[in-house]
Structures are given as C-alpha cells and as structure tokens.
Amino acid sequence: MNPYASSVVISSLALGTILTLSSSHWILAWIGLEINTLAIIPMMTKTPHPRAIEAATKYFLTQAAASALILFSSTINAYALGEWAINTSIHPVSASLLSIAIAMKLGVAPFHFWLPEVLQGSSLQTGLILSTWQKLAPMALLLQLSQSVNLNLLLSLGLLSTMIGGWGGINQTQIRKVLAFSSVAHLGWMVAVLKISPQLTLLNFSIYILMTSTLFLTFMSLDTNNMYELSTSWSKTPTLAAFSMLSLLSLSGLPPLTGFMPKWLIAQEMIKQNMTTFALVILLSTLLSLFFYLRLTYSMSLTLAPNLTFSPTTWFNLPTNLLATPMVLSLLLLPITPTIMAVV
C-alpha cells in the first residue's frame with residue numbers, strides 16, 4: 001500500500017477509536033464507529049483477491065447494519081427520555097437494541113457468522129487489527145451500558161457464544177478461523193459477567209487482547225496459515241514453537257498460565273451470585289474450545305515434518321525478539337492476581 005494511503009488509514013483507525021472512547025454523546029460515538037469501519041476496508045482489500053473483496057463486503061454490510069441499529073436505538077432513547085448522553089439512564093428497549101447492535105459489531109453469537117469468514121479472507125496483519133483494535137470501541141460502549149442492559153439477555157448471549165465458539169472451532173484447520181471462533185468463545189465470557197462485574201469484563205478483555213496479539217504475532221513470524229504448515233515450526237524455530245505452545249494453552253485457560261485467571265475469577269464471582277449451575281455449564285463449554293487448542297498444540301510441538309528443513313533458525317531475528325515481552329506476559333501473570341484485583 002502507498003505510504004501516504006497507509007498513514008491516512010492508520011490515522012483514521014486511531015481517530016475513530018479515540019473518538020468513540022472519549023465521546024459522551026451517542027452521535028459522536030456512532031461517527032467514531034463509522035470512521036473505524038471505513039478505515040479498515042482498504043487494509044482488507046489491499047490484496048485484490050476475490051476472497052479479500054468478499055470479506056470486506058461482508059464486514060462492511062454487517063458493521064453498517066449494526067451502526068444503523070445503534071443510531072435507531074439511540075434515537076428511540078432520545079425520543080423517550082430526551083437524553084443523548086451515553087452515561088445516563090437508558091430506556092430498557094433501547095438498552096436491549098444497543099446491546100444486540102454492539103454484540104453484532106463484536107461478533108458475539110448468534111451474530112458471529114461474519115467473523116470467521118472475514119478473518120479467513122484477510123491477511124494475518126489485518127486479522128490482528130480486526131481481533132484486537134477494532135473491538136476496543138464497541139467494548140467501551142458495552143461497558144458504559146453495563147448497568148442498563150438486561151441480565152438474562154447477556155447471560156443467554158454469553159452462554160451461546162462460549163458453546164458456539166467451542167463447537168465451531170473443533171473442525172477447523174485454518175488458523176485464522178480457529179482464532180475467530182476463539183474470539184467468539186472469549187467474548188461469551190466477557191458478556192456473561194458484564195452486568196455482574198464490569199471490572200472482570202475489562203480484565204478479561206485486556207488479557208484476551210494480550211494473548212491474541214501474541215499468537216497473531218507468532219503466526220506472522222512463522223508465516224503459517226493452517227495446521228499443516230505448523231508441523232514445520234518445531235524444526236525451524238524450536239524455542240518460539242515451545243513458547244507458542246504455552247501461549248495456546250494459556251489462551252485455552254489452563255492453569256498455571258495467565259489465561260486461567262479471568263476464567264477463575266469469573267466462575268468465582270458467579271458462584272458468589274448463586275449462579276452455580278450457569279458457572280458449571282459455561283466451564284464445561286470451555287472444554288470444547290480446549291480440544292481445538294490442543295489440536296493446534298499437537299500440530300505445532302508434537303509433530304515433526306516428514307522431510308528435514310535446512311532453513312536457518314529465526315528465533316534471533318529482530319521481529320521475533322519483539323515477541324518476548326507479550327509472550328512472557330501472556331504466560332506468567334497468574335501469580336500477581338491479588339495485585340491486579342486490588343488495582344481493579
């Protein structure tokens with residue numbers, strides 16, 4: 001992409017997100033979301049491939065429909081209560097419509113169908129932006145709505161997302177689709193605990209961003225797009241493959257890694273709220289996700305390619321060394337859980 005064009009696109013992405021994060025008015029928040037949507041499309045279509053064009057079209061139509069629903073529901077709220085401010089009380093109908101629209105923007109089930117297809121049609125770099133940066137603005141709006149939304153709606157969306165995210169990823173061989181269903185499952189945990197404890201949703205979201213960024217950067221460094229290509233990673237970069245295996249297990253939520261922390265705290269909070277059955281079901285649904293994480297782990301670390309590779313080891317290259325900090329953070333944050341909880 002032309003350097004001038006890419007600088008405009010990146011600046012627009014930053015502007016859209018910052019505008020939504022800092023706005024207290026629904027129209028300003030909507031404008032920020034629209035700038036965000038329009039800014040990412042040139043990045044998706046920079047490779048003129050039919051799959052990329054299809055992904056960009058699906059993304060645009062879904063995000064435009066969600067934005068229209070946000071505008072419609074905020075107008076209903078202004079008509080009913082005379083308020084355009086985000087942080088004031090919201091009409092119950094508007095709150096439900098807004099939460100559905102934001103769920104559509106984030107890719108929460110059952111509004112998730114666009115996410116695997118869009119990620120599969122995009123490059124790993126664009127997929128990283130879609131899975132992390134593009135979720136900041138909608139999640140900020142959802143956190144501000146946390147006390148106005150319907151608890152039963154959020155619990156239903158959360159449970160459905162964790163089950164569909166786990167079930168959908170089981171049969172996938174493409175890494176980007178696996179990470180898309182992983183995103184759906186993690187968003188389910190965030191949505192389920194949103195009304196009960198917004199702080200835990202924010203903590204879960206931050207750790208999800210950290211771990212997903214680490215894995216995307218790893219796969220970009222290894223230049224792999226599917227499970228079969230992962231089998232050569234151990235012979236090329238054994239150190240990176242070993243740490244990547246641990247990162248995948250952390251994303252699945254296994255102790256004693258970082259990814260266990262949000263699941264543990266959310267399950268504990270739900271049991272405190274006398275929602276033991278719900279906590280049990282949502283924890284059991286995580287076993288579905290665990291299966292495909294273990295498949296990736298097996299392909300990456302316990303499988304060797306049938307032929308010898310003579311490519312030099314790449315662990316000491318500069319781009320790979322940049323992975324050290326996010327990799328360590330995505331593995332070793334569990335011991336400082338009490339400190340994090342004291343800050344939160």
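Including glycine, each Cβ sits where the backbone N, Cα and C put it.
A TrEMBL annotation is a machine prediction, not a hand-curated record.
Taken from TrEMBL as is:
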- 12-38: transmembrane segment (TRANSMEM)
- 23-288: domain 'NADH:quinone oxidoreductase/Mrp antiporter transmembrane' (DOMAIN)
- 59-81: transmembrane segment (TRANSMEM)
- 93-115: transmembrane segment (TRANSMEM)
- 149-169: transmembrane segment (TRANSMEM)
- 201-222: transmembrane segment (TRANSMEM)
- 242-266: transmembrane segment (TRANSMEM)
- 278-298: transmembrane segment (TRANSMEM)
- 290-341: domain 'NADH dehydrogenase subunit 2 C-terminal' (DOMAIN)
- 318-343: transmembrane segment (TRANSMEM)
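Panel annotation: around the transmembrane segment (318-343), residues 203, 207, 210-211, 213-214, 217-218, 221, 237, 240, 243, 246-247, 250-251, 255-261, 264-265 of the same chain, lying at least six beyond its termini, place a Cβ under 8 Å from a Cβ of the stretch.
Here the transmembrane segment (93-115) has long-range neighbours at 33, 58-59, 62-63, 65-67, 69-70, 72-74, 76-77, 80, 135, 138-139, 141-142, 145, 148-150, 153-154, 157, 160-161, 163-165, 180, 183-184, 187-188, 191, meaning same-chain residues at least 6 beyond its ends whose C-beta is under 8 angstroms from one of its own. Note on the transmembrane segment (201-222): residues 124-125, 127-128, 131-132, 135, 139, 143, 146, 175, 179, 182-183, 186, 189-191, 193-194, 229-230, 233, 236-237, 240-241, 243-244, 247-248, 250-251, 258-259, 261-262, 265-266, 314, 319-320, 322-323, 326-327, 329-330, 333, 340, 344 of its chain, located 6 or more positions outside it, place their CB under 8 angstroms from a CB of the stretch.
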